[in-house]
Amino acid sequence: MQLPTSETTEPLSTEMEPMTPTQDTGGDINQGTKLKKELGLLEGVAIILGIIIGSGIFISPKGVLEETGSVGMSLVVWIMCGLLSMVGALCYAELGTSIPKSGGDYAYINTAFGSLPSFLFLWDANLIFVPTTNAIMGLTFAKYVIQPFFPGCEMPEAAIRLIAALAICFLTFINCWNVRLTTKLQDFFMVTKIGALLIIILAGMVYLCMGHTSNFDNAFKGTSTEPGQIAVSFYSGIFSYAGWNYLNFMTEELQNPFVNLPRAIYISLPLVTLVYVLANIGYLAVLTPTDMLASDAIATTFADRLVSSGNWVMPLLVALSAFGGLSVHIMTSSRLCFVGARQGHFPDCLSLISTKCNTPMSSLVFLGVLSLVYLCTTDIYMLIEYSSFVESMFILCSIAGLLYLRWKCPDMERPIKINIIIPILFLLICGFLVFLPLYVRPFEVGMGLLITASGIPVYFLFIYINKPPAIKRVLRNLTVTTQNLFMSVKGD
């Protein structure tokens, strides 16, 4: 592993330079160890689809239906979430090609607004929505693995946590070992994702053709009239679409990013929206709203209603789908932590790259440990609301940064430049999703804001001001210890 050449001095620059080694670890002293450009268009599409089509579509329909109160409004929310993601993807295509740096929102907020806001994003990402999403995917995988062994019974929480922890640890190890192996695994997992969704869609269409349309009669009856509740319903839907901006975290590893980044986004989002809406129609064709609200594993309940034997196939496909989504989410989110450490916002030990595997191994392990912490609860829907609010808040900041840079730096090179109306519209929608839930979910929103605010004193104590010599020694020793640990494990 290799280290940055020097400590970052504060206030931080908005430029993120590649790391170079400070000592010989078996490579050329004059060449920095960098993440390789191994991802083409096909891999980019697979990464986006691999993250989006993970666990969300198999758990979120319950949350959307519960908050909207009606079948018709739940379908409207799914369609709107897809359109919202596509509008957001257009904005991120401009950001990703104008600021072609890994780190996604972190790099964009840093470029537009400077060091403190970007640090707060990094703080929240690593304390809330990245490990929380990993925990959600791990728990979904575990629940679908266990469900066939406990038909009609309550599943043991200890077993769910243990299986989720094993999944997170195993996939963290695979991501540490080889990026190429992780992307190749997505080909297999993509088959399982598409297979599970095709079963749901085709079975639903057959049911509808057979005349089972009663669930869609008076489709909007009981629709919630509370704007805040409708906003909260979007959180479950948005969680299912989450990942449309995650390829931006890996821009430095993408071949020809000016072409492949926007193309990957444009191919993936319309496809996912169509599949998700059809899948929800399939669920509602077979299951009543009451059935959906009573189930913690909707796809398994769906399979039980369809066939009496062979219903183990659906839980297996969903479990593999969640497993694949977890794998690619671990890979992409670790680059955010790595870039933040390289910039000086996190300890240098998290910016280490394995010279043998060319992976940000220390960042992967760090996020893996944090993800295990969030397994202290198995309430998936609470975790979704908790993480979605904070992530939506910083997406709002990124879009505000796009508009600010349009005004502040009009001559900035923009290979893709969208109509100004699109980011303004997206900004207004994000504002609706961020601020309206304040009175519907005050505890979750309050905790998110509190954790965000707790990063401010950390920033000024450990980053903005010159660190005391004692803290510098501790951080230096931690970096050296981490480096030696991973070198001994990997044999570097």
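Cβ atoms here come from the backbone N, Cα and C positions, even for glycine.
Under the heading region 'Disordered', TrEMBL lists 1-30. As annotated by TrEMBL, compositional bias 'Low complexity' applies to 1-22. Under the heading transmembrane segment, TrEMBL lists 39-59, 71-93, 105-123, 158-176, 188-208, 228-244, 265-286, 312-332, 364-384, 390-407, 419-439, 445-465.
Between the transmembrane segment (188-208) and the transmembrane segment (419-439), the number of CB pairs under 8 angstroms, six or more residues apart, is fewer than three, so the stretches are not in contact. If you look at the transmembrane segment (390-407), the same-chain residues 6 or more away from its ends with a CB under 8 A from one of its CBs are 88, 91-92, 94-95, 98, 105, 108-109, 111-113, 117, 121, 124-125, 128-129, 235, 238, 242, 245, 420, 423-424, 426-427, 430-431, 433-434, 448, 451-452. Per-stretch counts of Cβ pairs under 8 Å to the transmembrane segment (445-465) identify 105-123 as the leading one among 39-59, 105-123, 228-244, 265-286, 312-332. Sequence-remote contacts of a segment are chain residues at least 6 beyond its ends whose Cβ falls under 8 Å from one of its Cβ atoms, and for the transmembrane segment (71-93) they are 61, 64-65, 104, 215-216, 219-220, 223-224, 230, 233-234, 237-238, 240-241, 244-245, 248, 261-262, 265-266, 269-270, 272-273, 276-277, 280-281, 284, 289, 395, 398-399, 402, 416, 418, 422-423, 425-426, 429.
Away from its own ends, the transmembrane segment (312-332) comes close to residues 47, 50-51, 53-55, 58, 133-134, 137-138, 140-141, 144-145, 147-148, 167-168, 171-172, 174-175, 179, 182, 185-186, 188-190, 192-193, 195-196, 199, 243, 246-247, 249-250, 297, 299-300, 302-303, 364, 367-368, 371 of its chain (Cβ-Cβ under 8 Å, at least six residues beyond either end). Counting Cβ pairs under 8 Å to the transmembrane segment (419-439), the stretch among 105-123, 158-176, 228-244, 265-286 with the most such contacts is 228-244. Listed by sequence, the residues of this chain that lie at least six past the ends of the transmembrane segment (158-176) yet keep a Cβ under 8 A from its Cβ atoms are 134-135, 138-139, 141-143, 145-146, 182, 185, 323, 326-327, 330-331, 334, 354, 357, 359, 361, 364-365, 367-368, 371-372, 375, 378.
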